[in-house]
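Chemist: One structure is given below, represented as structure tokens, and several questions about it will come after.
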Amino acid sequence: MSPNVLRWLSLVALLWLQSINGTNLSFPAYSSQLKEFLSISQFKLNYLSFASDAGKVLGFISGIAAIHLPLPLVLLAGGSLGFVGYGLQYLCIVKKMFTLSFYQIWGLSFLAGNSICWINTACFIVAINNFPVNRQVAVGITASYQALSGKIYTDIVHTFFYSSQREAASGYLLLNSLVPLACCLVTAPMLMRQAKATSSRDVNVGFIVLFVVTIATGIYAVATSLLPVPAVLELVGIVLFLLAPLAIPTGVRLEELISSTRSQQKVYNLEDPIEEDQKKEEEELDDTVGVREEVEWTKLWKRLDFWIYFGLYLFGPTVGIVFMNNLGQIAESRGCAATTSLVALSSSFGFFGRLLPSLLDYFLSRNRYMPSSPVSMAVSLVAMVASFLFLLIDSDIALYVSTGMIGIFSGALTSLSVTMTAELFGTKHFGVNHNIVVGSIPIGSFAFGLFAAKVYRDGAAFDGRFDGKCFGMYCFHSTLIFWGMLCSVAAVLSTVLYLRNRKFYSQKL
């Protein structure tokens, strides 16, 4: 198999891996049932959602492992950790095969959350290595597919496990355990060899085709989340869209075969154009990928920009994750029973949000009016503030619209953060550096989720309920305002970060 075909095939494998790697995104769909399964309070439920995020604290280990181990092993390690974390929960909570304490279940959730980092690390490194010139675009598209996970798992559950809410909850745990490991086993052989770039002449066409397929996938995901479609048809459609990118490596292979049959001379003289293309690609890499400085992860704490960026991520993207963790309770408190539809909607819009920065970067990167990463983040954060304020309106329409908006802009923030980490601190230590930045997620998940749980508990006490459930707009009213204020702080920090690095970003355009 030629290197060109291999690198496109590996990118398709990365899309599949990311599309099933967001196992934590389905948590809101079954959190209410899990609360009943375990007979726990809202506070303890918040601790469980925090556990999955807390697993990212040790995410930097996957970056270190990727330096010393083959990437297929890193990938399989991630799939195995998720298999153990969710699998033991399924056997304990659903099948009642043995009994675990709450803290042991918390530990398993921590393990499952950490598994996501291992798969992410393997995917990002492969994308960067195989597409050095277009690595920001390759990583962005790859990351965007992770937002589809909530939609995909919801479609599978609706098809095979939806006879009752209780069975649906058990289905999510089972799928979270088996699907990532199965996908890792299937795709690991595609990552065995590093696909060294040999020609850049077909890359533009390949990415344009991939953008078309990706946008069509997102439109389908959004449409089927809003319109009543049979669950089986939804699932079949999304599977076909996931298979569609295979057309790119297939097309590249056909082009190679046609070229070789047209002129045998091209086969014998292949080395010279390859070398020319490699030199051209290296020159393009130097011109297009801007890095302010290369910073080792052990020296990050000495950089003021790191702490500003860490705070930005803590008060911005993390708040979007905390909102998703509490989406089930928010919907239930407002009397909306369509929690799974909201999860699918947020997942679908999050897909577009993660894709948007890559789309703009690819087509407008040479345009002097292209906004820098900090400016784009500031705009997204202001939109997040507006979304939380819109949620204060007591209507299902406001709930759906705000959920979609938060999905879009939190997805955009996630994608932009990958680019900004590379811009500010370099690409040589990207795997470790970005996992350190992502380490802010568990801090925010615990603190901001705890605040939400306290407001919720006080609302339940005000109702005089003894089951710990709260119903009414006041259950999350103060929380939504608080989350909006945090996003406002993040927008200010993003602006400060831009002002501090304005010279760098002006040279980069």
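Cβ atoms here come from the backbone N, Cα and C positions, even for glycine.
As annotated by TrEMBL, signal peptide applies to 1-22. Summarising the annotation, TrEMBL assigns domain 'Nodulin-like' to 7-249. Here TrEMBL flags 47-67, 73-93, 105-128, 169-191, 203-223, 229-248, 306-324, 344-363, 375-393, 399-424, 436-456, 476-499 as transmembrane segment. The domain 'NFD4 C-terminal' annotation in TrEMBL covers 289-506.
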Chemist: Which range out of 47-67, 105-128, 203-223, 375-393, 399-424 gives the transmembrane segment (73-93) the most CB pairs under 8 Å?
Modeler: 105-128
Chemist: Could you tell me whether the transmembrane segment (306-324) and the transmembrane segment (203-223) are in contact, taking contact to mean 3+ Cβ pairs under 8 Å with a sequence separation of 6 or more?
Modeler: no
Chemist: Checking distant contacts: for the transmembrane segment (344-363), what same-chain residues at least six beyond its ends satisfy Cβ-Cβ under 8 A?
Modeler: 22, 25, 134, 136-137, 140-141, 143-151, 154-155, 207, 211, 214-215, 217-218, 221-222, 224-226, 324, 327, 370, 373, 376, 400, 403-416, 419
Chemist: Out of 105-128, 229-248, 306-324, 399-424, 436-456, which stretch has the largest tally of CB pairs under 8 angstroms to the transmembrane segment (476-499)?
Modeler: 306-324
Chemist: Sequence-remote contacts (6 or more beyond its ends) of the transmembrane segment (436-456), Cβ cut-off under 8 Å?
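Modeler: Same-chain contacts beyond the ends: 42-43, 45-47, 49-50, 53-57, 59-60, 117, 297, 300, 306, 309-311, 313-315, 317-319, 321-322, 325-326, 329, 333, 417, 421, 470, 475-479, 482-483, 486.
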Chemist: Same-chain Cβ contacts of the transmembrane segment (105-128) under 8 Å, 6 or more residues past its ends?
Modeler: 10-11, 14, 17-18, 21-24, 38, 47-48, 51-56, 58-59, 61-63, 65-66, 71-72, 74-75, 77-82, 84-86, 88-89, 92-93, 135, 138-139, 142-143, 146, 176, 180, 184, 191, 194, 418, 427, 430-431, 434-435, 438
